[in-house]
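Chemist: Structure below; questions to follow.
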Amino acid sequence: MVCSAAPLLLLATTLPLLGSPVAQASQPVSETGVRPRGGLQRRQWGPLVGRDEAWNERIDRPFPACPIPLSSSFGRWPKGQTMWVQTSTVTLSEEELGQSQAGGESGSGQLLDQQNGAGESALVSVYVHLDFSDKTWPHEVSRTLTLPAASASSSPRPLLTGLRLTTECNVNHEGNFYCACLSGYQWNTSICLHYPPCQSPQNHQPCGCLVFSHPEPGYCQLLPPGSPVTCLPAVPGTLSLNSQLQMPGDTLSLTLLLSQEATDLSWFLRHPGSPSPILLQPGTQVSVTSSHGQAALSVSNMSHHWAGEYMSCFEAQGFKWNLHEVVRVPLKATDVARLPDQLSISCATSPGFQLSCCIPSTNLAYTVTWSPGEGSKASSFNESGSQCFVLAVQHCPMTDSVYTCDLQSPGLAPLRVPISITIIQDGDITCPEDTSVLTWNVTKAGHVAQAPCPESKRGIVRRFCAADGVWGPVHSSCTDARLLALFTRAKLLQAGQGSPAEEVPQILSQLPGQAAEASSPSDLLTLLSTMKYLAKAVAKARIQLDCSALKNLLIATDKVLDMDTRSLWTLAQARKPWAGSTLLLAVETLACSLCPQDHPFTFSLPNVLLQSQLFGPTFPADYSISFPTRPPLQAQIPRHSLAPLVRNGTEISITSLVLQKLDHLLPSNYGQGLGDSLYATPGLVLVISIMAGDQAFSQGEVIMDFGNTDGSPHCVFWDHSLFQGRGGWSKEGCQAQAASGSPTARCLCQHLTAFSVLMSPHTVPEEPALALLTQVGLGASILALLVCLGVYRLVWRVVVRNKVSYFRHAALLNMVLCLLAADTCFLGAPFLPPGPRSPLCLAATFLCHFLYLATFFWMLAQALVLAHQLLFVFHQLPKHRVLPLMVLLGYLCPLGLAGVTLGLYLPQGQYLREGECWLDGKGGALYTFVGPVLAIVGVNGLVLAMAMLKLLRPSLSEGPPAEKRQALLGVIKALLILTPIFGLTWGLGLATLLEEVSVVPHYIFTILNTLQGVFILLFGCLMDKKVQEALRKRFCRAQAPSSTISLVSCWLQILSSPSESMSEGIPRPSSEDMGTARS
């Protein structure tokens, strides 16, 4: 340390005394011409916090006993004795250092006065102040300071047996005194609380060095002795850990056992090479527990970011203690950066190449060996916190090879990182060299070429060479190194490293500059992630931001919203579609954490407008605010909604934030009741928050007016919990109050969050009406299908007498079973808890998907059998071959489609629709159902058209009008029978998928398809002539003509006029088919 004034040395002398002191011994007596010192005071014990090794090497300890403070012996001495102790100031020059006897006499002469004879002896510590006139003092002071001659004198003079330096003070150019305690001494806790620490990298002891503004700071006090032989202090605690070597992913456990009562317990971590320790607090990885006499620190998912020296600091017995343990964490393969991680090279153009692997800074020593390494040159260099090992291969290998970077550390298994090398041979398809932007060397088709990022960026640039030798697009993961460092700080802050109150403002102060320099999608995503981690840390710690930190946040947000949509946002959203939702959540959380002392606060930027006000308990009117945006925006909170929040004199702060351009950056996710349509937004998102004390309120009535809007308004808010945490628009708790044709949309919401209004060119059908129709239709369909199964139970042996009828009724029976199970599952799904974490909801969705698909595939099987009979009149289908094929088509195909859909979309969070137990229409899961259904409906429609042509051709070409009418009736009946059986009504689903469509197709689609079971019973079962005859024979003989069954039979007879061929669902072919079809 460079000093501008001479240092001060404070010495402790140890004297064995005769006699015993009285209570007045703690009061020093001033001697004429000697400046009194207050060094002899009642002191408390303190801990040893590390030792100054340099001082221990040069200091000489001539005495074996430990110095004991005077106050420690008060309780052992007998009463009735008087002793006077005085500490004096002695001024010495360098020439006088050798004459220390004079200093000793001046410092200890006439120190004691014995009044009553001999008694017990005790050790007393006396402090002497040495002031050196020169700016530097010689290191041989400890060797030249000898015992004074007075110490050898006989009784009653005291015997000076020890001399030791305790405190060293240096003065800087500003006049401040930096006073550091030497080994075995420490400042008392009460002094530590009133003076700042030195913050010296060479001194990490608590209360080991303090800064004073006056030249008489006092003296470091002696630490409590432990062993009389070693003179080491008695530390009131032990620190242990489960293992000093923690493997990546393990959980570190440190336990502190205390023998004395301790307070102000804190945990710290000093990274390798870092001078300052970092405070550890509870976070996503850190947990801290404490109980009587014990404290514990746990760190989960260990990595190299958590390696270093762990310290436990606490106060006990009036002093601060510091116990520490060093923890080492080996690196894992993902910590090693390879450039490149694969290489395709032509030996003809590039005889040699260079490989590198870089590792972050760690407290483990790593050495690297390359294999194969023959004929290559290895080197290493350090760069911005990482160490890189480079291998320069001089000669290109003849065949494909794998080079391995072996990282070895003593006592650990080697970490092997492979780099594959592909050699381009003659005749291989390659992509040519390209130097348009970056240098892309000749690369073999089907491989990825890599290039380093520009200077000051981290990551890699990749470009795929297609199989036809054409270069693909460039994919860059390059991220600014400074922004990446901020991201790491924010992520570790949320995990538990650092104090949010200190770290968050520091990181926010750098965000505007980083936002202005962001030039790639990776920069944008890293910036958004940094803001997200800061918001989570602020929310967990419940800290408040000052206006300066909030301004930095708003400036950075304005720059992010103003970034080019095509070059940055579009590419960033291709990687993470929820990037806009991440920005909204971070800004919403941080902007609502303004410190109450900074109210009122107003800040306006082109894309960000914020107004924050503080209200007392007696504010008279409603809260109202307006923003000069386009379109204009106004918001109002009625007083009756705020009154419950201001009880007991509590002040409330209301923060209103308007974000422009953000609505276009949010994903098009629409919750329940909004459908899958795309909406237009006015470009504004309003965020309102209310804080009462340190508590945030989310409930309250808010009235908002969005001006100059066209279309049908839907008042919505952004719900961050929708779509598996990715967020989406929801209208729950909000309703529109605008009259039809009004240019202003008024919204009334019963909660506080991020609001907006969606404008739709068409009206979405009301959910309650469609839901009621769906439930009624499904219930009727289920009852009809049960009746159909009962009918088949009675007439199966009668109606199934040949192969054609067997195929038809077997397919119809399986279709009825699948549709019955599917309708039952779909009807009960709304009563299950929705969400991907609900096993019942997942099971219901999967079963509905599978069973409805199975229903349609059995429809397809029945249509294919009919098509075969129409095209190949005299060809008979073998039963033992056709039936297995029908089962395979009807069950295994839909099961495979449903299983693939579940495995593909569930891990991506795109399987379930938000708030419902049905397939999601956003990510593509719904189309795995819609696609096959529409394809089957199309095939069945073609088969139906073939049947209609067969019915119309002979009757309309020749024959009397009566036969024509009979043929037309047959066509109509065939349509009634085959349309529900073939599922042709599902084709109306195409109309419901269109955006600009009226509500009529929605209702028609719902009615026809929920009643499909009723139609199958009527037209597919009861209109079958053989079924009618079987029922008539079974019931007409056993019942009276006046019974209900007889009436049903009479009704069935009216419907049985068409020919038998139509009862089979197979039209009779014309004479051109050279015969009739066999029944």
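Glycine residues also receive a Cβ, built from the backbone N, Cα and C atoms like all the rest.
All TrEMBL annotations are machine predictions without curation.
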Chemist: I'm validating the feature mapping. Which of 94-114, 367-387 is tagged region 'Disordered' in TrEMBL?
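Modeler: Going through 94-114, 367-387 one by one, TrEMBL flags 94-114 as region 'Disordered'.
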Chemist: Apart from its near flanks, which chain residues at least 6 from the ends of the domain 'G-protein coupled receptors family 2 profile 1' (434-471) lie with a Cβ under 8 angstroms of it?
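Modeler: Residues 339-346, 349-350, 422, 424, 428, 477-482, 484, 522.
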Chemist: May I have the DSSP-based helix, strand and coil counts for the residues of the domain 'G-protein coupled receptors family 2 profile 1' (434-471)?
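Modeler: Result for the domain 'G-protein coupled receptors family 2 profile 1' (434-471), in helix, strand, coil order: 0 helix, 18 strand, 20 coil.
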Chemist: The domain 'G-protein coupled receptors family 2 profile 2' (770-1024): mean pLDDT?
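Modeler: A mean pLDDT of 79 is what the model gives the domain 'G-protein coupled receptors family 2 profile 2' (770-1024).
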